[in-house]
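See structure below.
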Amino acid sequence: MSSNKTTAHAVKPLGVAVLGCGVVGSQVVRLLLEGDADLAARVGAPLEIRGVAVRRLDAPRDVEVPAELLTTDAHGLVARDDVDLVVEVIGGIEPARGLILKALESGASVVTANKALLAEDGPTLYEAAEKAGTDLYYEAAVAGAIPILRPLRDSLVGDHVTKVMGIVNGTTNYILDKMDTYGAGFEEALAEAQELGYAEADPTADVEGFDAAAKAAILASLAFHTRVTASDVYREGITEVTAGDVASAKAMGSVVKLLAIAELDGDDVSARVHPVMIPRTHALATVRGAYNAVFVESASAGDLMFYGQGAGGEPTASAVLGDLVTIGRNKALGARGFGESAYAARAVRPMGETVTRYHVSLDVADKAGVLAAVATAFSEHGVSIKAVRQEGRGEDAQLVVVSHEAPDAALAATVQHLREMEYVRDVASVMRVEGAV
Ligand SMILES: NC(=O)c1ccc[n+]([C@@H]2O[C@H](COP(=O)([O-])OP(=O)(O)OC[C@H]3O[C@@H](n4cnc5c(N)ncnc54)[C@H](O)[C@@H]3O)[C@@H](O)[C@H]2O)c1
Ligand SMILES: N[C@@H](CCO)C(=O)O
Ligand code: NA
């Protein structure tokens, strides 16, 4: 960045504390140090790092941090009088929550990338910010670098958002993409993702959908002006997705993706994370590798898609810096942004009552009456069939059934019924469907 913009330096600098100097924190510190004069001009006041809280002073770091900035006393740092803006990039619930609350109570505005904390206990943080008259921004918490939370909070706030569907976890998208491209099994694709450093040694949070569920809660809360926590989100990961499921989707011109879905259902909201079959013509089907994207449906704007890097130190730090400049501008003006908007106070629909569609692939005996028996199983549970395709294989046949919309519990009961039928040798694949399959 250029360094000839000195006009803003006449005003009082804003003190910044960075909590955590790992993958994201080290890049935040680097960008703050390198972007010095431009950032000052954009904020309207210089941003001065007062300290970087770390666990160990002598730990190896990706970025060189001036030794005098490092401290192991995070609590002392956030309470300093000359700290106006705090960046929390430690992660997890504690000590992150206690530190953010202390920062807010001390009058500082806060940027955090901590989806786990926001999804578990966001309201406590919003209320503390409200009480203190300070800002709490967290664009990096969902889909890393991709601007999606502030578009929902600001740009789309005059519209009526009806649905948000996101590929918000890069690790699982990478795994599913490899399964689709090479016909790899889940374990094989996971091992590759771990080798390349996408998946962590303990990949549970990603592959079991916990990371995506936290993001779904945040998206649902912002899109629908309500409070949704991680425990409200129905969650299925990708560990049960087989090469057969992916092949079945391929045969239908579809692809399997792990989606975080937040949807309005009357006055209620539905929030869920599970594998989904979507047609290859859907914009989300084009999101490959570890990329993320969030698809938004709204009454007036229509369909929108936000695409980019959902993880990584520098991309995530970009979102943190964007928030930091914004809360810095507010501080410099003696103002604050609009806080939490949860006026709609919507109930969260249980998954069983959420309306979905299923794709079911069955291995059946190729005999008279099989199709009729399968169709009866669907109708007995009040589920209407949209399409059936049969492929013969000698004595056996494969039946692929795509349902119309029905409550998820009715669809699950239909599948259970099919499993118990004599004609059905195997329920080879069951997958929920989104888009025009
Ligand atoms: N890495 C990404 O791509 C990414 C993307 C989006 C959001 N995030 C979020 O950003 C946050 C940070 O993630 P990360 O990948 O940088 O994690 P990380 O583990 O690389 O960094 C966290 C750092 O905090 C330090 N730390 C722990 N306790 C501390 C304490 N008490 N005081 C000071 N430092 C302490 C750790 O030593 C570590 O260096 C998390 O909330 C994460 O969910 C990360
Ligand atoms: N583990 C996450 C990182 C960002 O939250 C992912 O794979 O997308
Ligand atoms: Na983001």
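Just so it is clear, glycine is given a Cβ too, placed from its N, Cα and C backbone atoms.
Feature annotation from TrEMBL assigns active site, proton donor to LYS215. Residues or ranges marked as NADP(+) binding site in TrEMBL: LEU19, GLY20, CYS21, GLY22, VAL23, VAL24, GLY25, SER26. For LYS115, the entry in TrEMBL reads NADPH binding site. Sequence annotations record features per position, and here TrEMBL assigns domain 'ACT' to 359-432.
Feature map: annotations from TrEMBL on the structure.
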| residue | record | Cβ within 10 Å |
| --- | --- | --- |
| LEU19 | NADP(+) binding site | 26 |
| GLY20 | NADP(+) binding site | 24 |
| CYS21 | NADP(+) binding site | 25 |
| GLY22 | NADP(+) binding site | 16 |
| VAL23 | NADP(+) binding site | 16 |
| VAL24 | NADP(+) binding site | 26 |
| GLY25 | NADP(+) binding site | 29 |
| SER26 | NADP(+) binding site | 23 |
| LYS115 | NADPH binding site | 26 |
| LYS215 | active site, proton donor | 30 |
Fill in the CA-CA distance, LEU19 (NADP(+) binding site) to LYS115 (NADPH binding site), as an integer in Å.
16
Just to be sure I understand the contacts, which recorded positions have a Cβ under 6 angstroms from any atom of ligand 1? Candidates are GLY20, GLY22, VAL23, VAL24, SER26, LYS215.
GLY20, GLY22, VAL23, VAL24
Cβ within 8 Å of the NADP(+) site's Cβ centroid: which residues qualify beyond LEU19, GLY20, CYS21, GLY22, VAL23, VAL24, GLY25, SER26?
VAL18, GLN27, VAL28, VAL29, VAL89, ILE90, GLY313
For the domain 'ACT' (359-432), give the DSSP counts of helix residues, strand residues and coil residues.
23 helix, 35 strand, 16 coil
At the Cα level, what's the spacing in Å between VAL23 (NADP(+) binding site) and the residue listed as 'NADPH binding site', rounded?
15
Of the binding-site residues GLY22, VAL24, LYS115, the one whose Cα sits nearest to the Cα of the residue listed as 'active site, proton donor' is LYS115
